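Heads up: the structure comes next, in structure tokens.
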Amino acid sequence: MSARRRRRVAAEEEEKEAEAEAAEEGSDKEAELEERLVDLDLRNDSDVPDVPPASDSTPEILKAALSGLSARWKNWWIRGILSLAMISGFFLIIYLGSFMLMLLVLSIQVKCYHEIITIGYRVYHSYDLPWFRSLSWYFLLCVNYFFYGETVADYFATFVQRREQLQFLIRYHRFISFALYLAGFCIFVLSLVKKHYRLQFYMFAWTHVTLLITVTQSHLVIQNLFEGMIWFLVPISSVICNDITAYIFGFFFGRTPLIKLSPKKTWEGFIGGFFSTVIFGFVFSYFLAQHQYFVCPVEYNSETNRFVTECEASELFQMTKYPLPPLLQAVLGWDTVTLYPFQMHSVALSTFASLIGPFGGFFASGFKRAFKIKDFADTIPGHGGIMDRFDCQYLMATFVHVYITSFIRGPNPSKLLKQLLILQPEQQLSVYKTLKSHLLEKGILQPSLRG
């Protein structure tokens, strides 16, 4: 090959290399530009502004009384004293009745929602998103209107029947609920701002997930309460018992870390909490099952305008003899054991509260770590926010509702009768004729009643 040809080939290779470098540099610039655009729209975790640390809300008198203790024991006493105060208040509300318990559930729901939404607002406050907080509270009202309207239609049928205004609201309840939500949806679309689209949709999802966690679960808590106060008290008390006993066992005996999300959680606390909770649930349900006030479904009496808990106890709450397995007979010397059937269900509820319930707390711990916060708020000294204390309760509420519908509750004649009373007279007569014809075919009606 001649020298001239070699120079020409070398020049062509250099030109190709220059083009490749230019293309690579161009792609790098494009990638860099894309990355900058993404950063402008949605910051990375490292760029997310930290939520301001929660202030110490411990009363000064309590600080002074515990000033001589180490930080570890000071936290122990603060948590203990506040736990006893909350438990005492809880029992007082139980004494005041079902309606006060419903108000308590609603108040806790609103506070938990506020704590989660406030974190979102504080973290992304620098973006100055329009309508974020207003729309968040508007959607809370819409969802509560829907769920509580469904509850009124199901459990307050006779009360609604006497008031024409409520009949209109109940008849078109779902349409009104949808129209309210649709108005909020349209306002959200109109509030979209250029360069913040992705973040706004992110916060829209934040609001809806928060609604799912708080409002839906609190609605299930109230549904469980209507089945009988025992279905409300045993699950909630089991979660509280597990939280307290796991903390005590972990505080005194904890050595082995349980999960990285919660470094203070230990296997010793987890196992000790499990056995303590199952025993507590079994014993606690024994005492509750003896009282009509706790075992009867909660019903609204339209004549007295009060909630009543009067009924004949179902088979779940009547003492029953059960044969023991041969091994236990040999160990205990008993052939049978007498207990309430509900006590066996309480074992299932307590087991879930102690084995699966804590994962609600782990989920909350992961959420807090993602946003570099210690607690959801500083509402309760030594405990954090309301959400910090009820993160496991919402998971428990869903399980109890599913458990009741799957294993306990059958057709409800009382609820069916309430729905029949809402029908027009000609519709009620049609139902009566159909039912009468069916009973005649089955041979259930006596011949004397056929005329």
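Here the Cβ of each residue, glycine as well, is placed from N, Cα and C on the backbone.
The compositional bias 'Acidic residues' annotation in TrEMBL covers 12-25.
Taken from TrEMBL, the feature region 'Disordered' covers 1-30.
Summarising the annotation, TrEMBL assigns transmembrane segment to 81-106 (among others).
Taken from TrEMBL, the feature transmembrane segment applies to 137-160 (among others).
According to TrEMBL, the feature transmembrane segment maps to 172-193 (among others).
Proximity of distant same-chain residues to the transmembrane segment (199-222), defined by a Cβ-Cβ separation under 8 Å and at least 6 residues beyond the stretch ends, is recorded for 41-42, 102, 105-106, 108-109, 112-113, 116-117, 120, 124, 127, 129, 132, 135-136, 139-140, 143-144, 147-148, 151, 188, 191-193, 232, 393-395, 397-398, 400-401. For 199-222 (among others), the entry in TrEMBL reads transmembrane segment.
Under 8 Å from some Cβ of the transmembrane segment (229-249) lie the Cβ atoms of residues 79, 83, 87, 94, 98, 101, 221, 265-266, 268-274, 276-277, 280-281, 284-285, 288-289, 293-295, 298, 309, 342, 346, 349-350, 353-354, 357-358, 389, 392-393, 396-397, 399-400, 404, all in the same chain and six or more residues away from its ends. Look at TrEMBL and you will find 229-249 (among others) tagged as transmembrane segment.
According to TrEMBL, the feature transmembrane segment maps to 269-289 (among others).
Counting only same-chain residues 6+ beyond the ends of the transmembrane segment (81-106), those with a CB under 8 A from a CB of the stretch are 62, 144, 218, 221-222, 225, 229, 232-233, 240, 244, 298, 307, 309, 380-383, 389.
Listed by sequence, the residues of this chain that lie at least six past the ends of the transmembrane segment (269-289) yet keep a Cβ under 8 A from its Cβ atoms are 229-230, 233-234, 237-238, 241-243, 245-251, 253-254, 258, 295, 316-317, 339-340, 342-343, 345-347, 349-351, 353-355, 358.
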